[in-house]
Amino acid sequence: MNETLYCSFCKKPESRDPKKRRIIFASNLNKDVCVCEYCIDVMHGELHKYDSKYDRMDSLLALKRDRLRRMESSAYEEEFLLSRIPAPKELKAVLDNYVIGQEQAKKVFSVAVYNHYKRLSFKEKLKKQDNQDSDLELEHLEEVELSKSNILLIGPTGSGKTLMAQTLAKHLDIPIAISDATSLTEAGYVGEDVENILTRLLQASDWNVQKAQKGIVFIDEIDKISRLSEHRSITRDVSGEGVQQALLKIVEGSLVNIPPKGGRKHPEGNFIQIDTSDILFICAGAFDGLAEIIKKRTTQNVLGFTQEKMSKKEQEAILHLVQTHDLVTYGLIPELIGRLPVLSTLDSISLEAMVDILQKPKNALIKQYQQLFKMDEVDLIFEEEAIKEIAKLALERKTGARGLRAIIEDFCLDIMFDLPKLKGSEVRITKDCVLKQAEPLIIAKTHSKILP
């Protein structure tokens, strides 16, 4: 028999090296069974551990349950291995459907995600080739250790940082956990432990450890845990440098013990162990004041330099010149910055982009509200001037695209309250509805007149 044999229990292949894994093949009642020597040793030990046949039966059932768990785990790995990883252009095209503008950031993000999961796919191929003779090319590739491409996103609130991560995670069918760094504290203090981030990822993975270990962790407001100076603090900093040190452990890749089902840690309790080596970490923040640090560095040798307030365009342009030392000066520890090698900046949203965000993406807010009204057989129309005023209001509030829903909810609340009564009508949102809280125009289609 020339084909490679696989153990029917642990699913491991037979080694061509006689000193390694050997497999016994048996055919009985038209059913082929293969058992490796390691599984035979395990079963032999379990069967002789008990005296009664009932204890032996319980032991065999336990072995079967353990085998099913391992099969489920390996099935996910196999599924991930065989699934085609979309090219960066395909990933960017997906982002284009939901994120307006930010072209450079979307390119950087797509390439980083592609390289990360290509790395995981390669690692799984190496596992599958374990105990088998590989070709010269594979042996050459084994000598190269591929590092993780964790990402640091710098951009104002509502510019699309979180949305990009959520969009690709959904497209790739990968679990994602989103956390706010401002709520994190060092272990032992009031607040949220860093390990709770991984608990959220496990919950998003339906407590499937293998699936969680290939997921995405998004940590927002990372700039809010910066230390106050470049020099190491001699006092206890439970929500700044201390949290950065705790994050460093899980971001760089380590085995972390998580309480089962999100419970609290107990010295004698059981733990779920997660390897963070293959989890993609994305950290993001607005980094207010970083532009001034970069400007000071880039203009320090210019005679007659005076501190002048920069315009928005100048701030966006200078942020693209950010270097590691600027982030250290801002308050991030060098070790953490080193674990976030992919850096991208996002621009603030312009008025034109905000108008497009309201209308063009697949999940555009205007499309969502029109669909909600259509469920009650009511047509919702937004006039162009009204859309512009909504965009202007969001820019004035400095909430980015995130604040658009609150603005629309404000003037649509009363009309949605009476929506079931307006079946067969048309509701028109005008400029005055946004600026002066005027009532929307309600037009009865059948009578073609404005209702009081």
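Placement of Cβ uses the backbone N, Cα and C atoms for every residue, glycine included.
Note that the structure is a prediction, hence the values are computed from the model and not measured.
Lifted from Swiss-Prot, the feature list:
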type	residues	note
DOMAIN	1-55	domain 'ClpX-type ZB'
BINDING	C7, C10, C36, C39	Zn(2+) binding site
BINDING	P156, T157, G158, S159, G160, K161, T162, L163	ATP binding site
Averaged over the whole of the domain 'ClpX-type ZB' (1-55), what is the pLDDT?
66
Nearest-integer angstrom distance between the alpha carbons (Cα) of C36 (Zn(2+) binding site) and T162 (ATP binding site):
47
Cα separation, C10 (Zn(2+) binding site) to G160 (ATP binding site) (Å, whole number)
44
Rank the binding-site residues C7, C10, C36, C39 by how many other Cβ atoms lie within 10 Å of each Cβ and give me the one with the fewest.
C10
Taking only the Cα atoms, work out how far C7 (Zn(2+) binding site) lies from P156 (ATP binding site), in Å, as a whole number.
54
For the ATP site built from P156, T157, G158, S159, G160, K161, T162, L163, further residues of that chain with CB within 8 A of the site's CB center:
G155, A284, L346, G400, A401, R402
Including all protein chains displayed, how many Cβ atoms other than that of T162 (ATP binding site) lie within 10 Å of its Cβ?
17
Using a 10 Å radius around each Cβ and all protein chains in view, which of these binding-site residues has the most neighbours: P156, G158, G160?
G160
Where L163 (ATP binding site) falls in three-state DSSP terms:
helix
If you measure between the CA atoms of K161 (ATP binding site) and C39 (Zn(2+) binding site) and round to the nearest Å, you get 48
Do me a favour and check the Cα-Cα span between S159 (ATP binding site) and C10 (Zn(2+) binding site); whole Å is fine.
48
Between C39 (Zn(2+) binding site) and T157 (ATP binding site), what C-alpha distance do you get in Å?
55
Relative to the Cβ position of T157 (ATP binding site), how many further Cβ atoms are located within 10 Å?
18
How long is the line from the C-alpha of G158 (ATP binding site) to the C-alpha of C10 (Zn(2+) binding site), rounded to the nearest angstrom?
48
Once DSSP output is merged into helix, strand and coil, C36 (Zn(2+) binding site) belongs to strand
